[in-house]
Protein chains: 2
Amino acid sequence: MTEPVVNRPPSRAPSETMPYVHKVGIPPKQDILKEFKSGVKETFFADDPLRQFKDQPRSRKLMLVIQSVFPILDWGRHYSLQKFKGDIIAGLTIASLCIPQDIGYAKLAKLDPQYGLYSSFVPPLIYAFMGSSRDIAIGPVAVVSLLLGSLLQEEIDPTENPTDYRRLAFTATFFAGVTQATLGFFRLGFLIDFLSHAAIVGFMAGAAVTIALQQLKGLLGIKKFTQNTDIVSVMKSVWGTVHHGWNWQTILIGVSFLAILLLAKHIAKKNPKYFWVPAITPLLSVIIATFLVYITRADNHGVAIVKHIKKGVNPSSAKEIFFTGDYLGKGFKIGVVSGMVALTEAVAIARTFATMKDYQIDGNKEMVALGTMNMIGSLTSCYIATGSFSRSAVNYMSGCNTAVSNIVMSIVVLLTLLFITPLFKYTPNAILASIIISAVVGLFDINAMILIWKIDKFDFLACLGAFFGVVFVSVEIGLLIAVSISFAKILLQVTRPRTAILGKLPRTSVYRNIQQYPEALKIPGVLIIRVDSAIYFSNSNYVKERILRWLADEEEYLKENNQSRIEFLIVEMSPVTDIDTSGIHALEELHRALEKKDIRLVLANPGAIVMDKLHASQFVNLIGEDKIFLTVTDAVLTCAPKLEQA
Amino acid sequence: MTEPVVNRPPSRAPSETMPYVHKVGIPPKQDILKEFKSGVKETFFADDPLRQFKDQPRSRKLMLVIQSVFPILDWGRHYSLQKFKGDIIAGLTIASLCIPQDIGYAKLAKLDPQYGLYSSFVPPLIYAFMGSSRDIAIGPVAVVSLLLGSLLQEEIDPTENPTDYRRLAFTATFFAGVTQATLGFFRLGFLIDFLSHAAIVGFMAGAAVTIALQQLKGLLGIKKFTQNTDIVSVMKSVWGTVHHGWNWQTILIGVSFLAILLLAKHIAKKNPKYFWVPAITPLLSVIIATFLVYITRADNHGVAIVKHIKKGVNPSSAKEIFFTGDYLGKGFKIGVVSGMVALTEAVAIARTFATMKDYQIDGNKEMVALGTMNMIGSLTSCYIATGSFSRSAVNYMSGCNTAVSNIVMSIVVLLTLLFITPLFKYTPNAILASIIISAVVGLFDINAMILIWKIDKFDFLACLGAFFGVVFVSVEIGLLIAVSISFAKILLQVTRPRTAILGKLPRTSVYRNIQQYPEALKIPGVLIIRVDSAIYFSNSNYVKERILRWLADEEEYLKENNQSRIEFLIVEMSPVTDIDTSGIHALEELHRALEKKDIRLVLANPGAIVMDKLHASQFVNLIGEDKIFLTVTDAVLTCAPKLEQA
């Protein structure tokens with residue numbers, strides 16, 4: 001690949017006044033197949049997943065394939081009691097956190113409470129065998145539950161037709177899994193990179209507010225509550241029931257435990273040593289609140305309680321999935337959307353903790369694991385599970401070492417399902433509402449928002465758009481806004497690349513943007529313009545016209561000040577990483593337009609690919625090979641002497 | 001704007017061994033409003049259309065506004081008899097070319113022949129007053145007629161329900177106009193830049209083949225012909241009727257005149273002086289063929305003739321447009337699609353000829369003109385008109401000077417409608433088919449395809465995709481493929497930016513890609529990586545991981561060769577024109593990953609905006625201000641001595 005080629009001799013003899021000028025290199029020709037192969041590799045196998053297979057015997061390769069599908073076979077061999085100690089503590093901690101959350105999140109998805117627990121049993125088990133993150137905690141999460149609930153509700157009313165609603169939920173879960181696994185298998189994982197960080201921050205914050213608002217129902221003991229999630233409808237519901245409808249006993253339980261939960265969070269924030277305090281407070285609160293309601297029989301005074309959670313392990317739901325009929329398409333659509341959102345969250349978590357512990361995550365393999373776990377989940381009465389940010393953080397803080405902590409959690413949830421669910425009968429809904437509120441508080445990341453504001457105003461706009469979309473309209477609209485803004489940003493980026501006028505920095509031979517370096521000097525008779533992007537069909541016209549506009553501005557200025565006219569236009573091509581046919585056309589048109597004004601077009605430092613295409617299209621012959629230089633300095637040195645003679 | 005700022009003093013004292021090192025500039029802070037304003041300006045007013053309004057009194061401004069809507073008021077004042085001479089000759093020439101084409105194209109759109117003529121009367125007139133291109137020839141064109149015909153046919157059968165079909169055609173034309181004018185008015189004209197040149201070439205070539213195949217019906221005198229446009233159905237239709245269905249008289253007329261028409265084209269190609277030969281041959285052929293059929297009464301022997309073209313000027317069709325009901329939405333959709341395609345063609349033509357004659361076209365103003373002309377057209381029984389490539393070329397070659405040639409053509413068409421249409425009664429359909437075939441031959445641009453193949457293989461794939469989509473499936477599918485491939489290319493471009501390892505060119509202080517310059521030398525202990533794109537959410541993860549992979553490869557190589565380990569990783573940021581919050585995160589993660597390996601992260605030449613954001617996000621403090629250099633040379637000079645001491 002780096003085989004040296006003999007450079008062609010320079011086309012003009014170096015004059016005595018000229019310094020050494022290095023030729024612009026043309027890279028060794030690659031054959032098409034090789035070029036295509038390397039293109040495909042960078043696009044789909046950027047992380048070089050097959051690196052370890054190189055130079056291995058066949059039997060070892062097979063072993064490696066199996067290991068790469070089930071990483072547990074790899075790390076399991078080095079598993080030790082020492083590691084298990086960390087994992088069991090972490091597993092028990094996240095189990096205590098997930099049980100009350102699961103029951104609450106199932107309510108967000110408008111499903112019966114046991115489905116939340118089911119989803120914390122099967123999916124984490126599958127993940128432990130297939131996933132490569134050591135820190136992620138798998139289970140239902142608030143945002144996906146809310147999203148799934150609102151999307152499903154638009155199709156089927158959960159109170160009027162609970163059976164079909166549940167079946168559609170499993171269908172959506174199945175297709176969410178299929179989507180995730182497919183994206184991973186075809187190595188299209190980079191598609192989730194198209195959701196910008198800013199849009200996600202805004203969307204999450206909006207979802208947090210919406211979820212918290214939804215909890216006012218449970219927290220205030222309101223019976224008739226709106227089905228909409230926008231802030232206006234919710235606040236109307238809340239204020240409309242202020243005189244008759246609020247239940248003071250419920251409020252007392254809810255608000256006091258909410259205060260305790262938030263205090264616990266605050267303690268951990270002040271002193272990370274006490275991270276376990278907010279981790280176990282929810283379960284303790286549930287136990288205490290349940291006990292209080294049981295002994296005071298507050299449920300007879302209007303305090304809403306869970307009443308009934310079905311006991312026993314996940315029943316099969318394979319036959320409940322709609323594989324035919326009208327709901328198949330609907331379930332598919334809902335599954336794709338919520339599957340993608342779930343994926344975004346899980347991959348972000350996996351990446352964050354992998355960076356913190358310095359190990360590698362293969363995003364695409366991770367997606368296959370998540371997809372498989374949701375597909376199997378949908379057959380065993382689970383709804384969409386993914387990585388939970390709050391529980392993963394607790395998992396990490398409690399010292400988890402491997403995915404075994406997920407197995408431990410999963411077993412605890414199984415035991416709960418088998419033996420303990422009846423005890424939740426008297427659990428007041430208000431305590432679940434408080435737990436959810438305290439859990440989603442963390443999704444509202446005000447610091448991230450401030451940072452976004454500081455760094456990029458356009459990003460902040462995207463963030464606000466997604467936030468207000470979720471809060472004032474609906475989760476789907478917020479998501480749509482987030483995606484649209486992200487795409488708009490990408491499209492703007494490619495249509496309107498930046499250009500800059502360069503000047504020479506005093507005491508150096510370096511040419512830089514005169515807006516960044518106001519002390520940089522322009523060279524008389526020469527205009528140097530840098531184009532800051534590949535020139536493609538999407539921006540070729542703009543680039544051409546922008547260069548001509550810079551030229552017109554400069555000419556006007558020179559005329560007004562009676563200075564010598566421009567004779568050379570140097571285009572600094574360093575940032576122009578690629579060019580296509582439209583780009584070549586634009587350059588040709590630029591050359592023709594400049595010719596009419598008797599100005600020479602000069603190129604500085606075209607890259608390998610650009611140089612290749614300039615040759616292929618004969619553009620080099622059009623402007624002359626001696627008009628292409630390695631650096632702006634070389635170009636100016638060759639142009640400027642002529643100016644002095646003129 | 002270029003007000004000089006005092007550079008902060010360098011944070012470290014220059015040592016005696018170090019050469020002069022210029023500080024990396026931080027541009028003067030702009031306030032948000034100004035930044036936002038300049039962003040909006042570059043995006044929507046890149047061509048600075050208000051430049052001429054600057055420093056003008058109010059009355060003059062009003063005049064300028066009116067002039068900018070009706071450019072005829074501007075150039076009309078300088079109009080001369082000399083110019084009129086050129087325009088009248090050009091106008092008569094394109095009129096003789098357009099009349100037979102119009103009748104044929106109306107058939108492609110599955111409308112009666114007079115609608116083609118109507119569309120060559122009103123729209124060119126409106127355009128002459130509002131348009132700014134001096135060379136474009138307005139009227140119905142083959143590709144848009146075909147597209148409109150196939151889209152409309154999917155909704156309404158033109159033979160079963162011709163009235164509703166026609167009404168839907170006007171509805172689509174109205175909304176095509178609305179789309180075009182809206183895009184122009186809101187200065188969203190850059191949206192059409194998202195169709196790549198390669199995709200258009202492929203699409204046009206495919207359309208040319210499809211249109212030519214459709215003409216086999218007229219050329220061979222086949223009565224029962226398929227409604228589909230794909231090559232398989234058409235060839236089945238053709239071969240299925242070979243024994244009974246072909247009409248030899250028709251074939252004789254069609255093929256012999258086709259030979260004459262192609263010969264005429266060939267003559268003009270060999271000698272551009274005779275450009276008028278293919279321009280007048282069609283009309284002459286029509287006259288001769290009509291006369292021949294009339295005297296031999298060949299229509300009694302199975303030669304299909306036009307039979308009837310309604311005489312008289314365009315009737316009003318304002319009441320025929322569907323402004324309510326089911327067809328409103330369908331008409332809207334069809335209008336948007338065909339309006340965009342028509343726009344792409346017209347703007348490309350206007351730009352091409354503007355470059356050839358060196359005048360400026362305001363794409364957005366052009367779109368308003370085209371949109372208005374189609375809206376008014378839809379009220380006067382016209383279907384979508386746009387710029388025709390072949391007729392515009394003839395217009396240009398005949399020496400047109402202004403849009404007056406369109407007015408001349410329009411008047412000739414009017415006279416034709418008023419007096420001559422009955423004479424077309426005996427015109428054989430076969431001659432129209434030959435004229436269309438000879439007209440669309442030019443759309444199949446084999447040279448452009450070869451050039452695309454040479455320059456960019458991926459572009460060629462896009463071209464082929466669009467071509468085969470049109471030929472083997474349908475026009476819509478071809479268009480969809482063209483658009484999808486164009487977008488895929490944009491998305492790939494932003495997700496997978498290039499990176500390169502740099503080395504020092506011998507005898508210079510210039511650092512360049514070692515793949516382009518195999519003679520470039522690596523500096524021991526230092527790895528220099530250039531990132532060739534803005535770092536955004538869409539690529540930040542990839543960039544981070546790619547850099548780490550370059551590092552891993554290099555470390556492995558060094559280890560195998562027992563060379564000294566990497567101590568500094570220099571990221572050349574020159575091509576990194578912008579960075580967003582995700583990009584900053586990626587850099588932070590990169591920094592952390594490098595810290596674990598005891599490698600220093602060094603940045604070279606971050607641009608103005610990037611520098612600003614690195615400061616805003618405190619990243620500069622994280623890696624240390626002394627780790628940011630103006631050039632790679634400076635960075636290496638500062639890093640390398642330390643290495644020698646180590």
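The backbone N, Cα and C atoms fix where each Cβ goes, glycine too.
Not measured: the values here are computed from a predicted model.
Annotated region 'Disordered' per TrEMBL: B:1-20, in sequence order. The annotation transmembrane segment is assigned in TrEMBL to B:136-153, B:165-186, B:198-216, B:246-263, B:275-295, B:334-354, B:366-386, B:406-424, B:431-453, B:465-488. Feature annotation from TrEMBL assigns domain 'STAS' to B:516-639.
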Local confidence of the prediction over the domain 'STAS' (B:516-639), expressed as mean pLDDT: 89
Stretch among B:246-263, B:366-386, B:406-424 sharing the most Cβ pairs under 8 Å with the transmembrane segment (B:431-453): B:246-263
Tertiary contacts of the transmembrane segment (B:406-424), as residues 6+ beyond its ends and Cβ separation under 8 Å: 87-88, 90-92, 94-96, 98-99, 102-103, 113-114, 117-118, 120-122, 124-125, 127-128, 136-139, 286, 290, 306, 309-314
Stretch in B:136-153, B:165-186, B:275-295, B:334-354, B:366-386 most in contact with the transmembrane segment (B:465-488), if contact is a CB pair under 8 A: B:136-153
Top Cβ-contact partner of the transmembrane segment (B:366-386) among B:165-186, B:246-263, B:275-295 (pairs under 8 Å): B:165-186
Of B:246-263, B:275-295, B:334-354, whichever stretch has the most CB pairs under 8 A to the transmembrane segment (B:165-186): B:334-354
Among the ranges B:198-216, B:275-295, B:334-354, the one whose Cβ pairs under 8 Å to the transmembrane segment (B:246-263) are most numerous: B:275-295
Positions on the same chain near the transmembrane segment (B:275-295), where near means CB under 8 A and six or more residues out: 93-94, 96-97, 99-101, 253, 257, 260-261, 264-265, 267-268, 303, 305, 394, 397-398, 423-424, 426-428, 430-432, 434-435, 438-439
Residues in the domain 'STAS' (B:516-639) grouped by DSSP into helix, strand and remaining coil: 62 helix, 21 strand, 41 coil
